[in-house]
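See below for the structure under consideration.
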Amino acid sequence: MNPEQRIEELSRQIEHYNFRYYQDSVSEISDFDFDKLLKELKDLEDKHPEFRKSDSPTQRVGGTITKNFETVYHRYPMLSLDNTYNEQELRNFDDRVRRGLDGEAYEYICELKFDGISLSFTYENGVLVRGITRGDGTRGDDITNNVKTIRSLPLRVKGENLPPVFEVRGEGFMPFSSFQKLNEDMDTLGENQYANPRNAASGSFKLQDSAETARRNLDCYLYSFLSDDIIFNSHEESLLALKSWGFNVSPGWRKVQTIDEVIEYIHEWEEKRTTLPLATDGIVIKINSFEQQRELGFTAKSPRWAISFKYKAENKPAILRSVNYQVGRTGAVTPVANLSDVSERDLDYKKVKGVHLSGTRVKRATLHNANEILRLDIRIGDTVFVEKSGEIIPKITGVDTEKRSQYITQAVEFPTKCPECGSELMRNEGEVAFFCPNDSHCPPQLKGRIEHYIHRKAMNLDSLGEGKIELLFDLGLVSTPADLYDLTEEKLLGLEKNIFNEETGKTKKISFREKTVENILKGIELSKTAPFKNVLFGLGIRFVGATVADKLASYFKSIDAIRAASYDELTAVPEIGGRIAMSIESYFSVPENQLLVDRLKAAGVQMESNEKPVELESNVLEGKTFVISGVFENFDRDELKIKIEANGGRILSGVSGKLNFLLAGANMGPSKLEKARKLGVTILSEEEFLGMIG
Ligand code: IVH
């Protein structure tokens, strides 16, 4: 079989398994064998790129980089819906519909309202050719490469009577489970966590690196079909057809005849929706008949044939039992409220189950910082209100002050000393958080820094984990990442400890047997080969997350250059601002940190970037910044990038006021050109650029 045929065969097989899995929930193949097929396909395509198709299943794992998303017009505008918040408003809507249809009989389709971002997908001859965000409803961003990573979205559809061109619309979302995992990762990475799954989905669909989008496990429910040809009579027909073509149609929809049945549907899903794996914030009702939809028409913003009903965020009373103060890796102190249900007021806190809220039991809620405590004017023993809306972390929204007189309450006193090490807490001007300044001895800060050092995106030491670190720390074997490199088999073998988890109330026994010790030591040895940018990130310098570490490493190339850099030299790096520069300077002003870096270096950890330095051909572009966009005749973008750097120029990631030149090829986005023009950036053609460097 020649490569072209094999590529075709593999693609068909993989899509078949995918379809069975997502459509029929049947696994006909093991994950291992599935990955093997995918790998064979990817290898073949890499060898024969001429046979790679735009709908190849390998697109699902991503790998393309989109520097700037092109703005494109929607073929049909993407409108929004009017909202209602109570039964009366819904009945008013129903009255308007009845009048609008002159007494004809009509039906509604009820659907859940998913809380994600609306997306539109265009299919030409059955092949997915474009995925666009809603944008302003008229124009959105072309995020085709990223939507192809949605595994349940068919890249090619087969079916009878498919129009040559059609659009399918739906809600792109991040399931709760992926959201939680992502936020945990963001937290350890020192990057900002997403407030809710909707923000996470929105951010993830707009990542430049589609491989990262693929890792975030986004999904999509489809809820409408559009084409120039009228091929369906009703919304119901279109949903059934979409389903039969292999689309992931939003589950739970129902056809009803009256507004009373709509209200019944609303009540039915009020609790049930909290058991779904994704966020929902209401329901949508739509007139079923397309003919009647056309009769009713649109207002300027929204259809007259559909409306949404929004559920109120669930808000319940709870008792504030006590407040804990958690010290993080950076020393920031976060107050956390311990809550119980009102019925549990007199129960010992250890036996408390918490408040039942949106499907889960809530025992703790963050109070963010000292200002929030003042703002809420909250007291221990108070009856407070807790809410879980789109956000995952429950919020305390207020205090029931009337109840206060019935019980003894006590002011919440923010500690003046670190609850872990007793140091006097401090607060920087302009910042809300109090922090413990004892960064070289405060236990949770030390442990936190080691945990950060072993993180997947830092040294990736997965043979160690939180529990093992705690054990090593408590026994005085490690208190900084450098101590890891002094561990030996003799020191580790036979160590044991029971570790109690406050959150779960469970005790876990950790013991270091031969195999464990071998893995730990192997992992530590291997970490010496981790690239410099990972080490730099692993140091846990404030504001130096993975992305910033990457930029610094490729600019300065070594830890010595970074530690010697002045504030001005640091801020000269594209996208490195004053806050980061100051944090780096202050990090290296601490003798313990200098010592840590020296010890890591002596242990053999990579403190230099081994990216090949670009050989300098000239310095005619010195001090000049460039963005490359579009397709070029003589060079590809990577070659142009090397040319620019070889002549002393620098590449920026986006068009901004700092940019000198936009190197523009064919097919580049009109919005980027427009922005460059507005900012007075010089736009260069390939020839003009070649002229510049002679
Ligand atoms: S239909 C003409 N159905 O809610 C509007 N929208 O404000 C057609 N949404 O932008 C939208 N679930 O992002 C429709 N089952 C559903 C939906 C849904 C969520 C979102 C969608 C839209 C917004 C409407």
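Backbone N, Cα and C define each Cβ position, glycine as well.
Of the residues proposed, Lys53, Lys148, Lys206, Lys286, the one TrEMBL records at the same NAD(+) site as Asp31, Phe32, Asp33, Phe34, Asp35, Ser80, Leu81, Glu111, Arg134, Glu171, Lys310 is Lys286. Across the structure, Arg134 (NAD(+) binding site) and Lys113 (active site, N6-AMP-lysine intermediate) place their CA atoms 16 angstrom apart. DSSP labels the residues of the domain 'BRCT' (616-694) in these numbers: 26 helix, 16 strand, 37 coil.
Among the recorded positions Asp33, Asp35, Leu81, Lys113, Cys418, the ones whose Cβ sits under 6 Å from an atom of ligand 1 are, in sequence order, Leu81, Lys113. Neighbours of Asp35 (NAD(+) binding site), defined as other CB atoms within 10 A of its CB across all chains, total 12. Within 10 Å of its Cβ, the residue among the binding-site residues Cys418, Cys442 with the fewest other Cβ atoms is Cys442. Rounded to a whole number, the distance between the Cα atoms of Lys286 (NAD(+) binding site) and Lys113 (active site, N6-AMP-lysine intermediate) is 12 Å.
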